[in-house]
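Undergrad: So TrEMBL says this about it:
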DOMAIN    4-93  domain 'Ig-like'
DOMAIN    100-194  domain 'Fibronectin type-III'
DOMAIN    197-290  domain 'Fibronectin type-III'
DOMAIN    294-382  domain 'Ig-like'
DOMAIN    445-541  domain 'Fibronectin type-III'
DOMAIN    545-632  domain 'Ig-like'
DOMAIN    641-735  domain 'Fibronectin type-III'
DOMAIN    738-831  domain 'Fibronectin type-III'
DOMAIN    835-919  domain 'Ig-like'
DOMAIN    931-1042  domain 'Fibronectin type-III'
DOMAIN    1046-1142  domain 'Ig-like'
Amino acid sequence: MLPPEIELDAELRKVVTIRACCTLRLFVPIKGRPAPEVKWTREHGESLDRASIESTSSYTLLIVENVNRFDSGKYILTIENSSGSKSAFVNVRVLDTPGAPQDLKIKEVTKSSVTLTWEPPLIDGGSKIKNYIVEKRESTRKAYSTVNANCHKTSWKVDSLQEGCNYYFRVLAENEYGIGLPVETSESVKVSERPLPPGKITLLDVTRNSVSLSWEKPEHDGGSRILGYIVEMQSKGSEKWSTCATVKVTEATITGLIQGEEYTFRVSAQNEKGISDPRQLGIPVVAKDLVIPPAFKLLFTTFSVLAGEDLKVDVPFVGRPKPAVFWHKDNVALKQTTRVNAESSENNTVLTIKEACREDVGSYLVKLTNSAGEATETLNIVVLDKPGPPTGPVKVDEVTADMTGLIENHDYEYRVSAENAAGLSEPSPPSTYYKACDPIYKPGPPNNPKVVDVTRSSVFLSWSKPIYDGGSEIQGYIVEKCDVSDGEWSICTPPTGIKNTHMEVEKLVEKHEYKFRICAVNKAGVGEHADVLDSVIVEEKMEAPDLDLDMELRKIVNVRAGGSLRLFVPIRGRPTPEVKWGKMDGEIREAAIIDTTSSFTSLVLDNVNRFDTGKYTLTLENSSGTKSAFVTVRVLDTPSAPVNLKIREITKDSVSLSWEPPLLDGGAKIKNYIIEKREATRKSYAAVVTNCHKTSWKVDQLQEGCYYFFRISAENEYGIGLPEETSDPIKVAEVPQPPGKITVDDVTRNSVSLSWEKPEHDGGSKIIQYIVEMQAKGSEKWSECARVKTLEAVITNLTQGEEYLFRVMAVNEKGKSDPRALAVPIIAKDLVIEPDVRPAFHSYSIQVGQDLKVEVPIAGRPKPTVTWVKDGQPLRQTTRVNVSDLTDLTILNIKETSKEDGGTYEITVANVVGQKSASVEIITLDKPDPPVGPVKFDEISAESITLSWNPPAYTGGCQITNYVVHKRDTTTTVWETVSATVARTTLKVTKLKTGSEYQFRIFAENRYGQNQRYEFRVIAKNAAGAISKPSDSTGPITARDEVELPRISMDPKYKDTIVVSAGETFRLEADVHGKPLPTIKWYKGDKELEETARYEIKNTDFTVRICASNDEKSICGSWTTEGLGNYQHHKGFYDCLLEPTR
């Protein structure tokens, strides 16, 4: 026997630090005899579901892959055997981004800001929190925006918020490994505050018992809708303000005031954030009826209406008491009709006139009269109607052709109507007819006639309009020519002339000399001609192409990105040259607009960008030659993308990049480069460095095994240019470390079975396969003998008796690891190994009705035979319970487990070398059996009794949680719960009625439920209060509806002769059973008894009782009770003896 011991490595006694997403391996050697049971736990009970635990007699290994911040903490190892137990712990710190900050609270809300507070994260990711990032989101949007990315405290005031809007907020912590998980407000926060006080309060009315007030809305509602107003009042001499009205409008009437009492009033506004400061009425108010002389409140005294329309004249007034109203028109009392009538109210009188006419025009007097005085007001009413027609005759002067809407040379007559606000009058009589025309003259000569160009058969002429057009529009021009050789003039245009001020005169004779003249034509005729100054010889002119490049175009043309490029170049040449624009090292964008004439060419390119930079070439060509020039254009823009981005080197936590400068620098020197990275699982890039001054960079602190994209952008004075991105994600990995320990699993005459552990580190990339190599003794050559994807391999075709060395290499996508060699050479021969059986657990718990599968590892060479024994008897195998054996496992299968399957199972393995046994316990979990009787009764009194019983024989595989005790008065069928939480097997039942009979039943309960069987016992109590011994138990009875034969059970005392003193009352009773409920009859001797004054019979569904009160000897003898059912009857017998009175 050896107590358990733990050999904790020195590295494990320190804090084990590991990067997130890596694999945690805790390897701990252990000792102990027998082999100790190993248990790993977390300090605060965290789950170890993700952990892989491997334990042998000499070590235990805990592996957690892809660790994260939540795997930080204390890992406790406990080993135990029959000689004792031992514990140790390992502190693990996962270097990760932080957890979420804690306890985010809204500290303060104003109309434009929200103040937040929070606590640091419980998990800092193994690194000090550098800062916090505060973000906000409007409730109508999905994306958060950053408020502060560098907050160094645990509170922040978020200001510049939109008043009345709802916002969500979240806070994230950042450490050296990045930004952690967010904590978010669970509900949106409305940016608002209490409203300002209401505006000016106005006293509308006062009576002996009421006051009417009105007020203006607050200047500001605090960013939240006003829910209502609270009106308070204070009596004179009191300091207490009491609420007298709560309203949603801006006015209120306060009633129930005391006449003559003086009151002060104030009003507060309320929104969802609270109640504003109050606004007080400037003066106190005395509750009394007002006396006010009548007075008008008119804004106007003159009212106008269109004839035929309705008019309402509203005359407001004041006066207390209400004044009488009188209307007069033209000093006569107004006669009211259905068309003209007046109506009055408390504070106004309204005169209504329907379909007003000229008769309603005049002065109206309104008179008000009350006990305080009288007032009068005069009103003028004007009815607007159309005027009469103007008086004639209509005279017409200064007739021309350009009067609006007239057609020249047409005859017209004219009439006039008057118009006012009411409309048009009837027209005047018409005038005589007049013709619309102007006096006109022939035009002057055209201006500046000249020869523009000459060819071998034509002359191009141009001229301007005459200075004088003769008072009429120029309708055209007539061109004439004269061949100097014959001196005759001929018209070159149609007789009506041409509209243009230029013309090509064609079909001329080459080498002839011509003269030209031009005349203008209007409605009055052909005007005076104008001669071209010199005669023209018709012949072709030849001119080599040429262009006039402006001085600005000879320099570099700079244009800002987004602007427009305009290149205008005058050209010449005869004949007109052909124009071609081009661009060196590229093509001109299709969006370019090129315009060309005989005298100029232009190129316009809108919304230019960096790719429009370059040399633009212009080529002119005609029959006389060619001419070329170029214009250098520089678009001032951000740079284009760097080129030739390459991955130079990859390690398990870094990637080295290199690139070349952009082809287009955007017209400015490249200042620096920006390097960014993005995990393949994310959408956004994070900056690595923003001020790189070389064309290479090593990106480190990368997450091993993760995939990353990288991109590079160049920056000049105009900003950051286009990025160059890696086309495929880069996995941050290297070749793996060598495989772990190699174990020889089996050796035969011609084969070896090997297994090995995974490499401690896979290089950040998944292990693709393993390569097994062997070397025969005496040879220096290693030859490949297997490629596998698992952690084991069988090497066959070995030579019996030959000695071999083996080694294994791990392969990932980055390459092969260094090899791990088996420590000792192997001789190919058959092995003989003693059998062994090692159950993983000593006990198995299973709920009744579920399937159970118990796998027990076995070993031995040759393969051992396996025997299962249950509770000392060979296991009987059925289709429900059976055993199957594999090479290294024996498996017990139990389908639909029953409680009879519980017990101790012994497994024995044996081969030619020896034998070994082990045992496991199977615990079946179910509802418990009923408690075990007999039920004992102790401490009996007139009002209480103590019950005790034994626990169930079968507890259901777990602890009995409680017992439930019911009682039933035998005079009723209803069971009452005495207690449902009895922890022990005894209970004192109190509050019993003296003289009553009771039955009790007891249930056992565990976490799987309550047993469904009960036990009945009967207690008899006589009139003197004496309590009998309990009756015999009926035994366990299952609660179910069924047919049951009638049966009577009596207390054992009734089996003996009952001795009763003369004059005493005696009672016979019994329990009755049967389904359906039996009919009960009592007999004395052979005579059936009926209830009389001497015999009181009380029968219930479950009990029978008879009480006899007599001093006669007739009660002596044999008494019988009979239960009659549908199928059988049952009798109970009592013998009674009368004892003489002493």
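Placement of Cβ uses the backbone N, Cα and C atoms for every residue, glycine included.
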Undergrad: Please work out the mean pLDDT for the residues of the domain 'Ig-like' (1046-1142).
TA: 64
Undergrad: Count the Cβ pairs between the domain 'Fibronectin type-III' (100-194) and the domain 'Ig-like' (294-382) that lie under 8 angstroms and are 6 or more residues apart in sequence, then report whether there are at least 3.
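TA: By the criterion, they do not touch.
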Undergrad: Tally the residues of the domain 'Ig-like' (4-93) by DSSP class, grouping H, G and I as helix, E and B as strand, and everything else as coil.
TA: 7 helix, 53 strand, 30 coil
Undergrad: Between 545-632, 641-735, 738-831, who has the most Cβ pairs under 8 Å to the domain 'Ig-like' (4-93)?
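TA: Answer is 641-735, with the largest number of Cβ pairs below 8 Å.
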Undergrad: Work out, from DSSP, the number of helix, strand and coil residues along the domain 'Ig-like' (545-632).
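TA: In the domain 'Ig-like' (545-632), the DSSP-based counts are 7 helix, 51 strand, 30 coil.
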Undergrad: How many helix, strand and coil residues does the domain 'Ig-like' (294-382) contain under DSSP?
TA: 3 helix, 56 strand, 30 coil
Undergrad: In the domain 'Fibronectin type-III' (641-735), how many residues does DSSP assign to helix, to strand and to coil?
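TA: Result for the domain 'Fibronectin type-III' (641-735), in helix, strand, coil order: 0 helix, 52 strand, 43 coil.
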Undergrad: What is the number of residues in the domain 'Fibronectin type-III' (100-194) that are helix, strand and coil, as DSSP sees it?
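TA: Its residues fall into 0 helix, 52 strand, 43 coil.
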Undergrad: Under the DSSP assignment, what numbers of helix, strand and coil residues are found in the domain 'Fibronectin type-III' (738-831)?
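TA: Taking each residue of the domain 'Fibronectin type-III' (738-831) in turn, the totals are 0 helix, 47 strand, 47 coil.
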